Every structure is written in C-alpha cells, then in structure tokens.
Amino acid sequence: MNVLRTPLQVENSTGYSPYILSVPSRQLIYVLETFNIVLCYVTLSSGVWTWRTVLWVAIGWIVGISLGMLCCIYVATLHENDLWFSNIKEVEREISFRTECGLYYSYYKQMLRAPSIQQGLSELISDNATESKRTINLLRRMNIYQEVFLGVLYRILPIQAYLEPVYFYIYTVFSLQAVYVIALFITSWLLSGSWLAGALTGVWYILNRVDTTRVEFTVSLRENWSLPFFALQIAAITCYLRPHLKPIQQKVVLWLMFLATLCFCLTWQFNQFILLVQALIIFTLDCLDLISTEQVTCLYLVQVSSLLSVWLLQFCNSMILGSLALSFIVAALFVKHFQVRPNTYHMFLLKPQGFDWFILQDFDASLYLCEEAFGLLPLDTFDRLAGTLPRLYVLCINVILSDSSAVGRPQKGRGEARPICMRADVAYNLLHTVFFGLLALGTMRMKYLWTGHMCAFAAYGVCGKELWSLCLNMIHCNTKTKLRLIRYTLPLVILCFLYHKFWPKLMTELSELREFYDPDTVELMTWISSKTPKKAVFAGSMQLLAGIKLCTGRVLTNHPHYEDRALRERTRQVYQIYAHQSPEEVHGILRTAGADFVVMEDSICYERRHGRGCRLRDLLDLANGHIMDGPGDNDPDLVHASHPRFCESVKTDGPAYTALFTRVFQNKTFHVYKLRRGKKRAKGDREPVAMEDKTH
C-alpha cells in the first residue's frame, strides 16, 4: 500500500494547514482528521508536520500522561502514609471510609459477596437493609453505578489472587485523578497552543492539592468519581468551540462530550446543579453572540440527552425530570427557536424563596449549612493559591485583555461588527472560571469544581498569545520570534521556580508517616458483629450508621444519603435521642422506625466542635421550640423543655429509662441500648445479649 504525504484541509488557529500521513481509505482519513484536529490545536506548528513537530507533540503527550500518573501516585502515597493502610486490619480499613463514603463502599462489598452478579443486582434493586421497614431501589435512589461496575469487573477479571478488593477500589479512584490532570492538561493545551501550559496546569494542581482535591481521605465520595469526567467534558467543549472543525470532527467531539457528561451525571447526585450553572454559561455566550445557534443547540442537547439517559438508568428518577437544569435548558431551547432575540428574556428563574433549604430555621438546612464544607470560602484559600503563582492576577489580566485583543468579526448572519469579540473557547473557559468561582465563594465544598479549572485557565494566561502580543505591541517589538521566545521561556522559568521552592516541602510531606487509630469504634464494630443478630436494626447518627452497615451489615434506620424527604423526616425523628424528650416518646419514635438497638455518641451529646446554635442538640432544640443550652441569646418564642436531655438522662439508669432501654455496650465514646418491646413480645425478647464495659 502506497503511503502519500498529502495535506488535510484543516486549518488550525494560526491559519496554517498541517500535513499528516494519509491512506486511500476514506474512513481512516476521517479518524486521522479527528485526531489531527486535537493535535493541530494543541501544538505550535510551523506550518507543516515535520519530524521536529511530531517529536514536540509526542513529548507533550508524554509529559501530560506522566503528570497524571505522578498525581495518582502522589495521592495514593499520602493515603497509605496517613493510615498505614496496608498494615491495618480489615475492620480498620472499612472504618477509614468515613460517613457517606462507607455507605457507598458497602454496596461494592455487597456486590462482591453476592452469590452471583444477577443476585447482587437484584438485591440492590430491592434493598430492605439500608432503611428499616422500607424496600428501596438503590440504583434509583443513589448514584452507585460505579460500585456496581467495579464489583462486576473485579469478579470477572483474573486479579483476585494478587489484588484485594479494597485496593482495586481505591486504586481505581486514584487513577481517575490521573484522568483529571490529563483532561486539565489538554484543556490548557487547547487554549494556549502549547503543552507547556498543560505542564504548568498539572504542576499547579498537584502543589495546590489541599484546594484542588480531597480524594486521599474521602476516597469514595461522589465528586472524586465525577469531577474527572467533568474535566473531560470541559476539554471536549473547548475543542468543539474551536474554529474550522469539519462536520465529521464535530460529531466525534460531540459524542465524546456526551459520554463524558453521561459519566459525570451518573456518578454524582449534584450533577443537575452543576449542569444548571453550565447552562447559564452557554446562555450567556449566546446572549453575547459569541457562539453560533447550531453550537448553542448542540451543547444544550448534549446536556438534555445526558440527563434523560441518567433518568432512564436510574429507573425514571423523578428528581431529574423535575430538576432546574432540565427546566432551564428546555425553556432556553424553546425561546431560542421561537423568538428573534434570545437575550430579550430574563434569567431570573432562581428566586431566593424557592430555595427553602437555605432558611437557617429549617432543621435539615441547618444540619448542612452549619458544616464547614457548606460555609463561605475561607480567605486563606487565596493566600495558599497565590503561594505557587499570583494566578488571580493572571485571570484579571485575561479579563481586561479580552476586549483589547479582539479583532472584529461579523455577527452571525449579519454584516455588522460584533460589539464583543473573543475566541469562543476562551470565552467559555473564562465564564466557567467566573461562574464556578462565585459558586465556590458561597459554598466551600464547591471550590473543587473551580480550583482545578483555574489552574488550567491561569496557565493559558501565562502561555497564551494574547497577553504577550499586547505587551510587545506596546513597546513596538512584536515579532513571532520574540513572542515564541517569551511563551517558551516563561513557563520553564516558572516550573524551575516551583521545583526549587516546593520540591523539598513535597518530599517532607511524603516522608510523614501516621497510623490509623480509633480503638473505640473498632470495639463497637467488633461487638456488633459478634453479639447482635444479623437482622438487628440500629438507630443513631447518620455518619456512624454508614460505618455500621459497611463493617457489620446490620440494618439501619437512617443514613447519610440525605436527598429523600421521607428519610430526612425519619432522621430528624431518630435524632430526638439528643433532644429534650421523655423516654416514652423516644422509645415510641425508635420502635416506629423499627429499631432494635440505639447507639449514642458522647461526641454529639456533649459536642464542642461547633459553636452555640450549630451544635446538633441546639438545632434540635430550635426545631422543637426549646431554649438552647448554655449562655447566649434565645428567640423570645422559645420555651424551657419539660424533660431533660435524653442522651444524658438515660445514663442515670432511672426506672423510667430501664423499663424501656437496656444498656448492652459502652466504652469511652459509645453507649448502646437495646429497646425493650411490649408485653406481648417480651417473651421472645429474652434472648441474652452480652454486656461489655470498656470504660476502664
């Protein structure tokens, strides 16, 4: 077969036509063209694909993949060093999956223990162990397809002999961090035309680990699964908004965008809120006339099709059809195609009164908003980010230069000059940084959506042409040679500076060795596993119950997946064990929930971590109309409680309490009580339960 060196008629951002090797196969040419469109937008081409250019591009891909692997190894090492994960017992490993992380990992464990894959899926679809007295479809309620997929994959792959299930799980999550870094690398490369920008992005992401990820101590958190796919989607959008894409290339990029969006939506329950912000970004670009009608429609349709696909995969979950994101996109498409000017309709769909959960007097909202992760972004975050490079300054420069460096182009279908003109891919990434930056300022947990992308956009500011072209124009010495010299030299200087300043700190951090130590929780889990019936139902705090399900497999009354209204109400009722309630009232509530045992924690009953008004007992007092403990102001409509606090008074073993509750286990942290049943069932309840006291 003769191989010909012929040009493909695909222009890059510099206006040059790169050459690649083509063959007489038309389909193969399309594939090569699609791959070529990525390459010619992420490299500085001299006009032809010489061996030097190919080598430069190959080095770029090697650097990107290496940085991704470096990040993966880095977080895996931190996880091992912090817990001594390889040397602790299995129960300690499972306890290390704190709060909702333990709940999600328990379903992976459940899939592995099922006699067959079919039975494992059936148990998840008809689950009666996660919420007592209820049968729920876990695949509909929760985003756990990743646990199902890994469970099936581990069963069918011949790796059981040399790789434990827990390592297969955590290594997969850590590997996704490599995907995350590579996706950011590609985005920055696409924007700037230089893979050195991608190198800066990867290094900044790793050095700012505290603010870019928390995967090393919250392994199975949903965001750690979804954000890598979100970064891939942003890279696909950036490529799609580049000029001169052929139809076949647009289709390939749109399919990649759809797959990334689908995986993102399928792995995180907050996907609809993120897509809403993204839809607002697309809407803003449309209003500013920066992208074509076809591009707007395609981007919206990708979002809609992804949400509807997830709706089907989650057994027609009503939350998705009723989401603000889907409603906004449908409304935007309707107005787009039935009105002349899309920017004539307002965006005020989000009225403050619609978000009832933001009202602090509401117990469910306060339970979240009192946590640090849902508070405002601390100001020291900016100090840490500026320690590697004053990137906020770079971003501001990019915002200012957006209009200054723009060259007027005609409007869509008109002969007039655009009032605002900017590269569409740059405009999208700029608005993405601004919108998600505002979201991060209001909710600290959302900073992980912003900081990684900010690394990529800041690297574009350093390695892109716009800033340095303007600077060189101001001193009247703008030549291609000088521009290229600055764009290549400056990132290398910054990388050398970062290496000199942060490499010793990085090595010191990796040399710090710790060990998991939580003997009280280990004692509790061991006792539950050995001394209680396998079908026993436990009540307690959401965080602890998730660990009980993972470590012991017992049935729960409530759990941390807080998106269901009925579950939120049950949780509020179960939490009355920490409120001012009579023993009869608490016993009735717990029996209604089907509880056989209740676990109370001193760390909650005597909480000091939060200030007055945000402690769980204070939230319960406010919800019940009672005056809060301790010195401080109270609302005038609050009254003194008629009963003592249950978690304190039950320890007195008074007659009113011992008639309904029997203490069966206690240590320095936990107190477990068995609920006595009514007289008709008392005979069947006389099974002995061992009493252990670990306080001495």
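Note that Cβ sites are derived from N, Cα and C of the backbone, with glycine treated the same way.
Keep in mind that TrEMBL annotations are predicted by a computer and have not been checked by a curator.
Residues or ranges marked as compositional bias 'Basic and acidic residues' by TrEMBL: 684-696.
Taken from TrEMBL, the feature region 'Disordered' covers 677-696.
Residues annotated as transmembrane segment in TrEMBL: 28-49 (among others).
Residues 39, 42-44, 170-171, 174-175, 177-182, 185-186, 189, 195, 198-199, 202-203, 205-206, 209, 213, 215-216, 510 of the same chain lie 6 or more positions beyond the ends of the transmembrane segment (55-76) yet place their CB under 8 Å from a CB of it. If you look up TrEMBL, you'll see 55-76 (among others) marked as transmembrane segment.
Taken from TrEMBL, the feature transmembrane segment covers 144-162 (among others).
The list of residues near the transmembrane segment (190-207) in space but at least 6 beyond its ends in sequence, with Cβ under 8 angstroms from a Cβ of it, reads 13-14, 38, 41-44, 56-57, 59-61, 63-64, 67-68, 70-71, 74, 180-181, 184, 235, 238-239, 242, 388-389, 391, 425-426, 429, 452, 455-460, 462-465, 487-488, 491-492, 494-495, 498, 502, 506. The transmembrane segment annotation in TrEMBL covers 190-207 (among others).
Below 8 angstroms of C-beta separation, residues 34, 142-143, 145-146, 222-223, 225-227, 229-230, 232-233, 236-237, 239-240, 245, 298, 302-303, 305-307, 309-310, 313, 561, 563 of the same chain, each at least six residues beyond the ends of the transmembrane segment (252-270), sit close to that stretch. What TrEMBL lists as transmembrane segment is 252-270 (among others).
Counting same-chain residues at least six beyond the ends of the transmembrane segment (311-335), those with a Cβ under 8 angstroms from any Cβ of the stretch are 125, 137, 139-141, 143, 145, 266, 272-273, 275-276, 279-280, 283, 286, 297, 300-301, 303-304, 342, 345, 349-350, 563. If you look up TrEMBL, you'll see 311-335 (among others) marked as transmembrane segment.
Annotation source TrEMBL lists transmembrane segment at 426-444 (among others).
Taken from TrEMBL, the feature transmembrane segment applies to 450-473 (among others). When Cβ-Cβ distances below 8 Å are used as the criterion, the transmembrane segment (450-473) is approached by residues 180, 184-185, 187-188, 191-194, 196-198, 200-201, 204-205, 208, 211-213, 227, 231, 234, 385, 389, 391, 394-395, 397-398, 401, 404-405, 426, 429-430, 432-433, 436-437, 439-440, 479, 482-483, 486-487, 490-491, 494 of the same chain, each at least six residues removed from its ends.
Residues 44, 192, 194, 196-197, 199-200, 203-204, 207, 388-389, 459, 462-465, 468, 472 of the same chain lie 6+ residues outside the transmembrane segment (485-503) yet bring a C-beta within less than 8 angstroms of a C-beta in it. As annotated by TrEMBL, transmembrane segment applies to 485-503 (among others).
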